[in-house]
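What TrEMBL lists as region 'Disordered' is 34-78. What TrEMBL lists as compositional bias 'Low complexity' is 62-77. Annotation source TrEMBL lists transmembrane segment at 228-252, 264-284, 296-318, 381-403, 415-435, 442-462, 468-490, 502-523, 535-558.
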Amino acid sequence: MLRPRRCKLCLRRSYPAHLPSWFPACRNAAVNMTPTNHDSKDTKEVASPSPKILADEKKTDTGLSSSDSGSVSQESLVDADGYGSTNDHIFSDPAVADHWRTTYENVNYENRHRFDPSFTWSAEEERKLVKKIDRRIMLWAWIMFCGLDLHRRNINRAITDRMLEEIGMDTNDFNYGQTLFLASFLVAELPSGLISKRVGADRWIPFLICSWSIVAGSQAFLKTKAGFYVIKVLLGFLMGGFIPDIVLWLTYFFKSNELPTRLAWFWTALSTVNIVGSLLAAGILKMRGIGGWSGWQWLFLLEGIVTLLIGTFSWVLMPPGPCQTRNWFRGKDGWFSDREESIIVNRLLRDDPSKGDMNNRQGVGLVLLWKTIKDWEMWPLYLIGLTTYIPPSPLNTYMSFILRQMGFGVFEANLMAIPAQFMFAVNLLIITWVSKRFKERSIVSSISNIWMFPFFVALVAYPNASPWARYGIMTGLLSYPYCHAILVGWNARNSNAVRTRAVSAALYNMFVQSGNILASNIYRDEDRPFYVRGNRILLGIVCYNIVQFYFVKAFYIWRNKLRDAKWNELTPEQQEDYTLNSEDEGLKRLDFRFAH
């Protein structure tokens, strides 16, 4: 194993070759083997090493301090998954620790009382604690997302029950309504994110869930096309901010390398809701005639009641942060002990010190908002979000409707959507695991569109395929590996600051919703029943998306090389001075490198 050289500017000690980007420059100068890419396992010798940034690079150092009451035995080791503390971390340098302690005090960071550079813990403690956080935080986040997607998708099942004819609409009218929904969804993303950052996600998200549940349930009383349009606009405004708000909330509890895996499980809510929703719809739609109502009216009403219960419980099951879990419902002692709170806070800050540079109820002002929008190096990720999810969206919306036109009944058309949703969830988890395993984002994410390519070719080449052959093609296409968890984690990782992360999450989702608006108008009424023209358009977009992923990877490699060159021009003393005193922040810092 290569041993690092010692820097006379540092304390007389050795440091590992892989260090975070915020480590003082003199420590970076102390290593003689440095990775050219923060995700790479390869190393090479350089004249003046570039800064290390990868917070999701696993640590394998073994030294542990036992200098305080929170210490663990020196024999404790970091395990293969990177759990456990070491004495070689970003805050090991007193100057760096003092710099960030001052920052946390100045911004009134809510967890600053748990910040302790000398605090240590065992791998077993951290592993058990992460499982506890999964149960307390991640599980409920998943349930809340199910409450969102239940109402985003139930319209697809309602239209199989003659809903459009009964309120005087056709396919094009339905598309216009979906466009209004997505447009208002898009418009709401950024304002909702700013409100959530100011008042706290634990207050704002429960309010949104309760509100959209009431509005969605009122669809049971629809009589006209105009009423449909009004409700779709209201739902878009209320649902728009949920996803970026919940993702930011999750960053308060999970490290950057843990987030993509959690988000992968989070997005299994999509397939879960489609499967469970299809089963529910198959039964509820048979209630047609009860009370003089159609089946689709009962569907909206009953599912609105279910999600209203979720929203009500969210008021008491969403703590503001890891050190703020005590209340009348969660208990006077809260969910975490004092030691567990210290472990959560210190492991998060050692992974990414910038997670404490804003209070969780501190708003983002117009100046900071404009600075984030001007971070042009984030825009390639936004452009990926714009087009990546367009190809499967129309078919996902219309699959049950197409099956009805192919001669299948309402019950069968809803149940036949289940296999694709099951495989969708499996492939989502697999592709996210592959991305984490190989520390590769862009190339792995491109597999999503590569998967869809042959299925779209089949739909275009064989427009007169038999019903069962067409069903097989559509099922295979919609089983594609969904890369959204990778891209959201990638966006959060490259943001490199709470201020940027809060806004960039909203901007990214705004681009995604813009793509969904485009997608909602590709299948047109005159293109029925199999939308051959629409599938040709989608095939072209698939080809564009595959190329785009590789272009964005090349872009970030190029930007990192430029920063390497500028950084290596500095002396070790200049690098340390920059690290501690520069006013550059977020992804503008010279000691930051982009993930790709």
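Any Cβ shown, glycine's included, is placed from N, Cα and C.
With a cut-off of 8 Å between Cβ atoms, the residues of this chain six or more beyond the transmembrane segment (381-403) that come close are 156-157, 159-160, 178, 278, 412-414, 416-417, 420, 445, 448-449, 452, 456, 471, 474, 477-478, 480, 483-484, 487, 490-491, 494, 507-509, 511-512, 514-516, 518-520, 522-523, 529-531, 534, 538-539, 541-542, 544-545, 548-549, 552. Against the transmembrane segment (228-252), stretch 502-523 has more CB pairs under 8 A than any other of 264-284, 468-490, 502-523, 535-558.
Of the recorded ranges 264-284, 296-318, 502-523, 535-558, the transmembrane segment (415-435) has the largest number of C-beta contacts under 8 angstroms with 264-284. Long-range contacts of the transmembrane segment (502-523) within the same chain, counting only residues at least 6 positions beyond its ends with a Cβ under 8 Å from a Cβ of the stretch, are 171, 175, 178-179, 182-183, 185-186, 189-190, 192-194, 197, 240-241, 243-244, 247-248, 364, 368-369, 372-373, 375, 378, 381-383, 385-391, 393-394, 397-398, 487-488, 491-492, 494-495, 531, 534, 537-538.
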